[in-house]
There are 4 protein chains.
Amino acid sequence: MANGNCFGVLFSITTYGESHGGAVGVVVDGCPPRLPLTEADIQAELDRRRPGQSHITTPRKEADRCEITAGVFQGLTLGTPIHIMVRNQDARPQDYSEMATTFRPSHADATYQAKYGIRNWQGGGRASARETIGRVAAGAIAKKILRLAAGVEILAYVQRVKDIEAQLDPAQVTPEQVEANIVRCPHPQVAAAMIQAIEAAGREGDSLGGVVECVARHVPRGLGSPVFDKLEADLAKAVMSLPASKGFEIGSGFAGTYLTGKQHNDEFYMTPSGWRTRSNRSGGVQGGIANGEDITLRVAFKPTATIRQAQNTVTLDGEDTVLAARGRHDPCVLPRAVPMVEAMVALVLCDHLLRHQAQCGSLNLPEWEGSRFNASETAQALT
Amino acid sequence: MANGNCFGVLFSITTYGESHGGAVGVVVDGCPPRLPLTEADIQAELDRRRPGQSHITTPRKEADRCEITAGVFQGLTLGTPIHIMVRNQDARPQDYSEMATTFRPSHADATYQAKYGIRNWQGGGRASARETIGRVAAGAIAKKILRLAAGVEILAYVQRVKDIEAQLDPAQVTPEQVEANIVRCPHPQVAAAMIQAIEAAGREGDSLGGVVECVARHVPRGLGSPVFDKLEADLAKAVMSLPASKGFEIGSGFAGTYLTGKQHNDEFYMTPSGWRTRSNRSGGVQGGIANGEDITLRVAFKPTATIRQAQNTVTLDGEDTVLAARGRHDPCVLPRAVPMVEAMVALVLCDHLLRHQAQCGSLNLPEWEGSRFNASETAQALT
Amino acid sequence: MANGNCFGVLFSITTYGESHGGAVGVVVDGCPPRLPLTEADIQAELDRRRPGQSHITTPRKEADRCEITAGVFQGLTLGTPIHIMVRNQDARPQDYSEMATTFRPSHADATYQAKYGIRNWQGGGRASARETIGRVAAGAIAKKILRLAAGVEILAYVQRVKDIEAQLDPAQVTPEQVEANIVRCPHPQVAAAMIQAIEAAGREGDSLGGVVECVARHVPRGLGSPVFDKLEADLAKAVMSLPASKGFEIGSGFAGTYLTGKQHNDEFYMTPSGWRTRSNRSGGVQGGIANGEDITLRVAFKPTATIRQAQNTVTLDGEDTVLAARGRHDPCVLPRAVPMVEAMVALVLCDHLLRHQAQCGSLNLPEWEGSRFNASETAQALT
Amino acid sequence: MANGNCFGVLFSITTYGESHGGAVGVVVDGCPPRLPLTEADIQAELDRRRPGQSHITTPRKEADRCEITAGVFQGLTLGTPIHIMVRNQDARPQDYSEMATTFRPSHADATYQAKYGIRNWQGGGRASARETIGRVAAGAIAKKILRLAAGVEILAYVQRVKDIEAQLDPAQVTPEQVEANIVRCPHPQVAAAMIQAIEAAGREGDSLGGVVECVARHVPRGLGSPVFDKLEADLAKAVMSLPASKGFEIGSGFAGTYLTGKQHNDEFYMTPSGWRTRSNRSGGVQGGIANGEDITLRVAFKPTATIRQAQNTVTLDGEDTVLAARGRHDPCVLPRAVPMVEAMVALVLCDHLLRHQAQCGSLNLPEWEGSRFNASETAQALT
């Protein structure tokens, strides 16, 4: 519980698995009972994450077929832990043999070795992006709960690759636009330019980074927690735990620091269905708690550390050397990071949905008026 | 444990208290026994955080005198919970009476009300920066452990206020430079300009934001955790849980996404005392685990939400209205945010120090070679 | 969070304080907002626990006046952490001076010293029963929530002192009977015999143990968790964490192991308001989950370890010696253990009430039928 | 994390799986790196737990072959989560068809249905003893760590079946004596009588309960935690979370309450290798912390709830009915409960070993003297 392989408090997940070990998987605990759930619900998201989905992702061939071995009965969740597993298939450990003794710059090889005195060097072991299979699988369940319980919609997309940037209004982006191209940028022309840039970097054995933006719509007002588990804090941790992430912003982010308070504050106004804010520089969160407006956030992903170009590095035995990585790698992680970001955001929001219900849900008290949280009403009022 | 008022796993803290309630405080659990500790150790950090410390901070007069009521005996920690409390003294709830019924834009008033159906509206209640007293007090203990156990030094400073920016090399900044002026920017000329800007904003009833940068030196290689509790993830959560923070970066952050992998990677080289990296775009962390280089991070703080200028807003009863806040507020939170950022970083690193020792510390095994973690040796080797 | 001074997941408490340090206290996190709460609610339970309440308890004079310094506003809980503190007053550390260097047999002196290399030896330090003040204070809040939300009633009493045993039907015992005498045994004649026995032991500088029985009525069906956090497991941990407890039973307990399955099983039958069981050897719990019948449990408390008679022991410096304890001690902990047991049971049930609501509460789902948990209806149906 | 399917703080496990779902398994997190570990280490313990191992256990045929799919590399643990899975093979859901609609008395059927509004009724689903496969598998790892790190030996055995009781000295029992017969009672004559009684109960379609006793030898002094996570509290929770357990005792337990303090206390005396106690009514724990003596505990297991004799009960639809269970069940769970109790005790002790090392382990401090915990030295000194 305290070793960094679990995430979430009430809707919580534990992932396991190495890139070229036997299997990767996840145990999802705390799922409400009687949710309709099939492997197809999960596979749809895994397919957006899997390698080999296009020519700008790693050519590793993994169908990433998931199997639910526990927690679902006759198509409904039981309220018991859900176990989802994916067998590794296209493992080629021999492609990584030089990594047994040579540390890739800016990768986790050296630090794992320093921490544990051992590591599974085949394809990055536990530090491989294959670990995120469990996150995406669990995120698919979280998304479904959020959608059914409160109409929440979570949508991420590539906003920038290196310096190729799309000007987008988060409120207007649709899932169809995002899935319309292989780079997952909802602006077709910019997407084409991004793809060209990624192709070029791949040819040169180099790699690119960029920014994924994410919007969560119809998040019920009141979700979140005011001190350490502020919604923005939990979201920051969630996405900063993804491989290659280097920065996080919510709402106005770093740009907002150039404004004065008068310019930055989001003024309130009344509507027939309750208060709203005229602007949304807060990014949907005030004091750690959702205000009902769209939650908007951005994540910086560095260029992939594993590249084919030669780099200076050192060996396990403490010798200087030069490494030009073999193996199969993404020249740009961003297209596949999109479903990962969505999954992490969904996990945070679903956890806070249950946490809110625990503390502030209606206890049906005759003498004591609870806070009468009603997720669907709130969501409706905001639509 | 699951309600967002605790932070940390093994070196863990629980804070309590409202701005104008009777007291604020913290319980620190998991502190190793026999650490020399006095109230003076803690007061020194609280004095850097307290209101009224200069003319560019809120004029609220609080000595913020701390009292240790448990966990220390004859000047040494007992290994039992340490309780530190500060009584609120200069409370003037009447100054905040309009906040009982009117929501400040971009503040936590409206969302607390939505979540709990009640709030202590006096001076922000639990959402006040007074809550951070407990964090800073606990951070003082964490800092002392880190310094004694591994020579870790943590130093934050104001890097930018609005568009007034200091060009600084994190590796060269000293504590004396930071404390040499009231805005806590280690560049004297830039500091002077920042102070002028804050004074001007204060006069106009407006407010400013900016960026705090933090460096942690001599962090033992191996601290951290590879998946959800990556060091950068826990650091992000830590600082994003501070009031008014809107963004987080580690190492190259968002700027690094404009580089290619070849440009971005930190190449390794050997030294007589082990491997090092030639550059530090990783910010001291690879794959979630410290690599022994300086950990560098930046936090964006928005302009203070509470301003004296008139703003449109709504009342508790759902009426549109106009609010010009009274009460006492900081025109810029950054000078006082510096010790808060240091405290949060210290809490994360101290927690991971104990976590690392738990899993990878020497179990004195005759048959099984543990990973022989030795914090002070590692730190020494890096100096 | 992981150092043993916190208890509970959603309704969670953290206690601090040593017997003769400045104060003892508790932070209660996760309390639902808008619960009416005053210091009087808490004081009533503390008065049942406090020393000096009768001539068969320790003569230490402590009013144990509690102060709520956070989490309550205008008589209602805020949903933020509630901090309750009691200052130590009648501390006489000089009475315990020999304990600085001499270990009391069967007390925590020697093991604290072995674990931490230090201990506050004044009056037992953290191992003193004063630590339970925080538990009883928090338990008073838990009891109030349980009563208001679901009509739950929790009642403990002394069932046996040494071999003086009361034949009681847990279903029939009333709070008035329990509080009618100073030993808290609801059977007046047996109570008188118990008091005589305790008086005699006190005179001889010896001590007595016994059994506290507890019944929880109207616990909503469905509370609990099926695997590690079975209701009986959490209850066992709760009461086995009280000082001097050596055994735990639920329902038929050890005696039930002398029956066959056919004799032991609780047969179901239908009533107009749902199923019930004809017998209650299960003690209100099946498979870790409350079945709506009375929860019944028993706790064995050993005779107080600190006695005035001379005993062989050793010193801190490793010398054999003889100790006859001075200081003020209870010749029998059971009368004061009654409110402690009630508090611990209340903490477990309140935590599980919130946990149940989190996972199985109504999420107000239009498409998906939640489990429609209604605590008060369930409780009513069982009455 | 908070839904009752995880156990332990630093050495923590999460189990999943239903009796007749696809598989049961466990994720073990926090295992120190570089521990030699193979499937054979685990299989040895699973074979002691598996059904069909003798004619007095359920005839269900399950080889319970375990597969490690993550966390081990080239025969050594990686420090990453270890995943162990066992496929269900001899599932005959049709044998349980009446359980879809009829609740077994004193089983979890009715309460699961009440809690979740759904349950996997095939063979008991999550409430089946098959869930303990994960516990026993993880316990095998914990045992190995404890043995290698500190020479700890954990041994459980059947002490009583119904009223057939063995008089045993826990300090003298050997593993060979326990495994010498199918009922796992180290007293051969009493074992024979127990087997006869179980055979008779099985023939009559009835079932028996009894007591398992467990001793843990060479537990390092200092393990444990003084308040809520007292060693006896965590042990109580651990074993009371096993199916069918109804009572727990440590050391003198309930019997000790018939003694006076003078009779009950364990006097200290010096030996060349440190202090010891003359008696061990404390059961190896004082104030929640191990004192280095044998830890002794007892667990009451009720007679198996599922019996073939006819019983009155009710249906899912609220009708009174009569049930005579089919399916395959143990007439007495005790022989198979022995490895389960050992596993749970091992999990608690291993967790506390890591927790102790985290807080009180040597931080290699030049200025600050840590408590110099040395598990193997301590263990040796006690031998």
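The first residue you see is number 1, and the count goes up from there.
Just so it is clear, glycine is given a Cβ too, placed from its N, Cα and C backbone atoms.
The NADP(+) binding site annotation in TrEMBL covers D:Arg49. Around D:Arg49 (NADP(+) binding site), the same-chain residues six or more apart in sequence whose CB sits under 8 Å from its CB are D:Asp64, D:Thr132, D:Ile133, D:Val136, D:Arg336, D:Pro339, D:Met340, listed in sequence order.
Residues annotated as FMN binding site in TrEMBL: D:Arg126, D:Ala127, D:Ser128, D:Gly287, D:Lys302, D:Pro303, D:Thr304, D:Ala305, D:Thr306, D:Arg328. Other Cβ atoms within 10 Å of the Cβ of D:Ser128 (FMN binding site), summed over all protein chains shown, number 21. A coil conformation is recorded for D:Ser128 (FMN binding site) in the three-state DSSP classification, outside any helix or strand.
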When the binding-site residues D:Arg126, D:Ser128, D:Lys302, D:Thr304 are screened for a C-beta under 8 angstroms from chain A, what remains is D:Arg126
In three-state DSSP terms, D:Thr306 (FMN binding site) is classed as coil
CB contacts under 8 angstroms to D:Thr304 (FMN binding site), restricted to the same chain and 6+ apart in sequence, sorted by sequence, are D:Ser207, D:Leu208, D:Gly209, D:Ala244, D:His329, D:Asp330, D:Pro331, D:Cys332, D:Val333
Cβ under 8 Å from chain C, restricted to the binding-site residues D:Arg126, D:Ser128, D:Lys302, D:Thr304, picks out D:Arg126, D:Lys302, D:Thr304
In whole Å, the longest Cα-Cα distance within the recorded FMN binders D:Arg126, D:Ala127, D:Ser128, D:Gly287, D:Lys302, D:Pro303, D:Thr304, D:Ala305, D:Thr306, D:Arg328 is 44
Cβ proximity for D:Arg126 (FMN binding site), under 8 A, sequence spacing 6+, ordered by residue number, returns D:Gly17, D:Glu18, D:Ser19, D:Tyr112, D:Arg119, D:Asn120
For D:Thr306 (FMN binding site), the number of neighbouring Cβ atoms whose distance to its own Cβ is within 10 Å equals 25
Within the same chain, the residues at least 6 apart in sequence whose Cβ is under 8 angstroms from that of D:Lys302 (FMN binding site) are D:Ser106, D:Gly209, D:Ala244, D:Ser245, D:Lys246
